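*Asks:* This is the structure I have questions about; it appears just below.
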Amino acid sequence: MVLRVSLFLVLLLLHNSCTVESIFEHLNQNDLNGSSLAAVKFPDHAHFNADSSSTETGCSFSKSEKFESSAATLTSNEGTDGENGEAASVAAGHHKQSVKLNLRHHSESKDAEPKKSVVDSTVRDLKRIQTLWRRVIEKKNQNTISRLEKAQEQSRKFYKPEVAAPAATPEYFSGQLVATLESGVSLGSGEYFMDVFVGTPPKHFSLILDTGSDLNWIQCVPCYACFEQNGPYYDPKDSSSFKNITCHDPRCQLVSSPDPPQPCKAETQSCPYFYWYGDSSNTTGDLAIETFTVNLTTPKGKSELKLVENVMFGCGHWNRGLFHGAAGLLGLGRGPLSFATQLQSLYGHSFSYCLVDRNSNSSVSSKLIFGEDKELLSHPNLNFTSFVGGKENPVDTFYYVQIKSIMVGGEVLKIPEGTWHLSAGGGGTIIDSGTTLTYFAEPAYDTIKEAFVRKIKGYQLVETFPPLKPCYNVSGVEKIELPEFTILFADGAVWDFPVENYFIQIQPEDVVCLAILGTPRSALSIIGNYQQQNFHILYDVQKSRLGYAPMNCADV
């Protein structure tokens, strides 16, 4: 079923008059090194200057009587080599488990207004693309990347998430961690949301899933400048497992400091952070560790709650942006702070998700899986393409893939190879869960658009629905036939998409539009989550490859 959007959405989009070009023009007129929070004066705040609540880093498997759940602990192993530590863990008979998390899906109520998620998501996409492009051009995320380069070897030495080896391997280590992902359609968002339980006792929060960033963060009390969210803010005082990371801790090197930087004096002083996503989206607060509670599906199919201790996260006291009712964000990028990276010692170096159609009813859920999924690996139509630029690229958060060309209706389009190249000045293609539609840099976008115009016959061309082009009137057509769309990768991999992943149907006008937009030359190209629907997407970090298999995600 092709996604259906009302005419109201298009009119709203026209009213907003938001285009890719205008956003990038605005970007070029501003100082790329400027902080969007530079003019914000932070009040004297106990968390930035106060002592840390605790500096303990225990290492144990524990049993929660209330939740009857095992606890896996992520610890700071000073002076221990990460690889040797992992080898020792394996030698002790401790093998990796996998975790499958259900991603719940919201559906539109019968009395709701026509959906405007595509329009809102497109506007937000453009701001997000601007942000990602700025990160690449600057070759740093504020001062984070430069600090990471200086402290990279030190941070590896002092911090590597490891699991304490128990006397006997728990039975659940061969299970799967499964998270429920919730579509943001009902919240006016194109993102997917994940329910997590944080603290002791655990409290529920809904976080945006984002493979384009690293930091996990939640809006925290005291909240000096926070956006509206569904439910109360997280309060560290209500959790017995909350611990601040001190500014002297090597892990504090992994985050960017607020502007201006806070002097680090007391031994137990907290570690302040600043993380930005765009001109209107950022978070500032204290870096801390906390216990996260997740669902675990055992080999027998039994669901259990498991505690993962010492997860690094940001306790955000100043937050702003378009986060659509979420309590914060769960980063799944390639950096050391991401949730996926922190869980590697527990579940291995891979995670995957399968996103259902965002218009599916609420009884259908998307899935996020940490660890090896044997069913996916045995899928006959599973394909792989290599990640590129991870080690050489200074912005190591993103998952880059190397496109060679595009096929439309079986024709390989003549697109200059340099369009797809990743360089120090930008470019390249990333796969991203936080961007809704797919965006290709010029001249690729124009070439793709023109190819569809040449090949689509028998439907009336509609010119009144910018920025989505081309659009066609399909009124009275029972079976819509449109050209095939395929991505060809440089390593020989091929990704074929079903028509509902690259065309959007707009009602009540019975119009279909290409769900692909353009970005300027040398900017990022992005494969968004709309094109990923009903594909099981595998991020295999250890083998540096992306896997994708066509799947009815409702059945995963």
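Placed from the backbone N, Cα and C atoms, the Cβ positions cover glycine too.
Note that the coordinates shown come from a computational prediction; the quantities given were computed from them, not determined experimentally.
The active site annotation in TrEMBL covers Asp210, Asp432. TrEMBL lists 192-549 with the feature domain 'Peptidase A1'. Sequence annotations record features per position, and here TrEMBL assigns region 'Disordered' to 72-97. According to TrEMBL, the feature signal peptide maps to 1-22.
Are these features on the surface or tucked inside, and what are their neighbours?
*Replies:* Less than 8 angstroms from the CB of Asp210 (active site) sit Glu191, Leu329, Leu330, Gly331, Leu332, Gly333, Ser433, Gly434, each of them six or more residues away in the same chain.
Take the CB of Asp432 (active site) and look out to 10 A: across all protein chains shown you find 26 other CB atoms.
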*Asks:* Kindly state the mean pLDDT of the domain 'Peptidase A1' (192-549) in the predicted structure.
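*Replies:* Within the domain 'Peptidase A1' (192-549), the model's average pLDDT equals 89.
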